[in-house]
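*Asks:* Pasting the feature list from Swiss-Prot:
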BINDING   His116, Cys122, Cys143, Cys144  Zn(2+) binding site
BINDING   Thr436, Leu437, Gly438, Tyr439  K(+) binding site
MOD_RES   Ser8  phosphoserine
MOD_RES   Ser9  phosphoserine
MOD_RES   Ser15  phosphoserine
MOD_RES   Ser21  phosphoserine
REGION    1-28  region 'Inactivation gate'
MOTIF     436-441  motif 'Selectivity filter'
TOPO_DOM  1-226  topological domain 'Cytoplasmic'
TOPO_DOM  299-312  topological domain 'Cytoplasmic'
TOPO_DOM  365-380  topological domain 'Cytoplasmic'
TOPO_DOM  473-635  topological domain 'Cytoplasmic'
Amino acid sequence: MISSVCVSSYRGRKSGNKPPSKTCLKEEMAKGEASEKIIINVGGTRHETYRSTLRTLPGTRLAWLADPDGGGRPETDGGGVGSSGSSGGGGCEFFFDRHPGVFAYVLNYYRTGKLHCPADVCGPLFEEELTFWGIDETDVEPCCWMTYRQHRDAEEALDIFESPDGGGSGAGPSDEAGDDERELALQRLGPHEGGAGHGAGSGGCRGWQPRMWALFEDPYSSRAARVVAFASLFFILVSITTFCLETHEAFNIDRNVTEILRVGNITSVHFRREVETEPILTYIEGVCVLWFTLEFLVRIVCCPDTLDFVKNLLNIIDFVAILPFYLEVGLSGLSSKAARDVLGFLRVVRFVRILRIFKLTRHFVGLRVLGHTLRASTNEFLLLIIFLALGVLIFATMIYYAERIGARPSDPRGNDHTDFKNIPIGFWWAVVTMTTLGYGDMYPKTWSGMLVGALCALAGVLTIAMPVPVIVNNFGMYYSLAMAKQKLPKKRKKHVPRPAQLESPMYCKSEETSPRDSTCSDTSPPAREEGMIERKRADSKQNGDANAVLSDEEGAGLTQPLASSPTPEERRALRRSTTRDRNKKAAACFLLSTGDYACADGSVRKGTFVLRDLPLQHSPEAACPPTAGTLFLPH
């Protein structure tokens, strides 16, 4: 092994590969004796490597451990701390309560210089581990970058769907999940003074608004909301059915209308025919419009954000579909020509009622998935349109000139024997042919035109078939994510212990009351001046936020009471946070965990493993005396 290392140092020189000399062997043996091995225990798995290997990536957490001059090696009474059972000056062992499988890839990155992403580890977990070890996510190899990015795409897709967390019973929002949403709605609707004494105040008056909003907006919030949703669905179907039946001859009545017009002393009689709809359909449509009007008014009065409500496309469709009915009722008694023109225009606008079918997206997940798929596949649709436009332009021009080849000499324009009189008409034929519809209204009649038609059909099949699989894959991905989120069980609130406050008597102390086991005395002023922050990793599996770091700037806010549970918006924002944002905070933070640590005398004590961010001008000994289980890292 030593000779191979020595030989590798000679490779690449002009003189070629030389055999190692005795001097080289002695130097390499001296280096091997001088280099110290380091043992890193991660989650119970011991990894052994050289300090020189860890120094390949300076500025990372493992590089700090390998630096003996920067306080990376814990010391007790000036001696090195080895693992229990090893000599005091031998290999030094450090313990980290992290994922051992991911650390193997991290350590291999130090050895080979290539960072690969494990396929059996969830993306957010690998992202958190990279943040903890101080490795930038951009160092991931290109072959693993797609695997690494999949979790972010999945998280963004999950955030798009606002599917409820309700169970199959159909009951209202229960326990903490419903309370969080109601509290969030109250906060959006205005200042809520939740007290018994304020029941008649503004808080009491606004307390019904989120309930009414959930009743008409969220079909899964309660049983009453489901009843309202089914009623709305019933009226939508009835309105669309009525709209379609109005065009059938069986429900149309022809009337002869006589008009007497007087212009000065001249009186004229005009007869005209009008088509009226059966009164029963008009009454049914009136009942449906009354329901939609009530629903629209309740939702706009109780909405948390009026601006967002007005900008919603479905709400605009509701308003445009309701307005023509009232205008028709108001103008029906007028017989002037202007009133008849307005009524004719309103009858044309009534087709907007058919767009109410899109309100079914609140009740059917598949329709929501289709809408999100269309929005997510915008680039593919643009690519499809560009391909189709290029093909239409090319083949319409080719078919026009190909049909001119068989023209007779007596026909200078060449239009007598073909339907392709000009290139714009060829656009229609090219679109129909490329989309494989083939209506048969236009077709080539010459052998050259038939050849162009065959090429156009083949090009259409190949062109349209390319973007379609991408759109289908997007639909499958969104649908599977939506189904998974619907079946996701409710998350109960978990108790998260608050971090130790700066003025707490237990701050910066170990679990035992012995002075020699404490990592720092509570009377050490330099530590407080530097704003050292501690954080217990009490629940490392709660929503993936247990490893969120706290910066020194947030140290002043630790003395204030913390919320017991983040709001749904805060949880969504934390889940969407990127690694780079967290790396900025992690650069000025440290991790605190408790465990057993081996001392120089061979005994095992309870201690605290602390990583602190200290400036270079202050030595670690000035901030806190080195004790067993304490590790100081330079800035």
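Cβ atoms here come from the backbone N, Cα and C positions, even for glycine.
These numbers come from a predicted model, not from an experiment.
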*Asks:* Rounded to the nearest angstrom, how far is the Cα of Thr436 (K(+) binding site) from the Cα of Cys144 (Zn(2+) binding site)?
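*Replies:* Cα to Cα, Cys144 (Zn(2+) binding site) and Thr436 (K(+) binding site) are separated by 40 Å.
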*Asks:* Using a Cβ-Cβ cut-off under 8 angstroms and a sequence gap of six or more, which residues of the chain neighbour His116 (Zn(2+) binding site)?
*Replies:* Tyr105, Asn108, Tyr109, Val140, Glu141, Cys143, Cys144
*Asks:* Can you see whether DSSP assigns Gly438 (K(+) binding site) to helix, strand or coil?
*Replies:* coil
*Asks:* Between Leu437 (K(+) binding site) and Cys122 (Zn(2+) binding site), what C-alpha distance do you get in Å?
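*Replies:* The separation of the Cα atoms works out to 46 Å.
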*Asks:* Using the recorded K(+) site (Thr436, Leu437, Gly438, Tyr439) as reference, state which further residues of the same chain have their Cβ within 8 Å of the centre of those residues' Cβ atoms, listed in sequence order.
*Replies:* Val432, Thr433, Thr435, Gly440
*Asks:* Would you find the one among the binding-site residues Cys122, Leu437 whose Cβ has the most company, meaning other Cβ atoms within 10 Å?
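*Replies:* Counting every other Cβ within 10 Å of each candidate, the maximum falls on Cys122.
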*Asks:* In angstrom units, rounded to an integer, how far apart are the Cα atoms of Thr436 (K(+) binding site) and Cys122 (Zn(2+) binding site)?
*Replies:* 44
*Asks:* Counting each residue once, how many in the topological domain 'Cytoplasmic' (299-312) are helix, strand and coil under DSSP?
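*Replies:* Per DSSP, the residues of the topological domain 'Cytoplasmic' (299-312) fall into 10 helix, 0 strand, 4 coil.
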*Asks:* Please work out which residue of Cys143, Cys144 has the most C-beta neighbours within 10 angstroms of its C-beta, and give that one of the binding-site residues.
*Replies:* Cys144
*Asks:* For the region 'Inactivation gate' (1-28), what's the mean pLDDT in this predicted model?
*Replies:* 48
*Asks:* DSSP on the topological domain 'Cytoplasmic' (365-380): how many residues come out helix, how many strand, how many coil?
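*Replies:* Final tally across the stretch: 15 helix, 0 strand, 1 coil.
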*Asks:* Enumerate same-chain residues with a sequence separation of six or more from Gly438 (K(+) binding site) and a Cβ-Cβ distance below 8 A; give 'none' if the list is empty.
*Replies:* Val432
*Asks:* Have a look around Thr436 (K(+) binding site) and count the other CB atoms within 10 A of its CB, chains all included.
*Replies:* 10
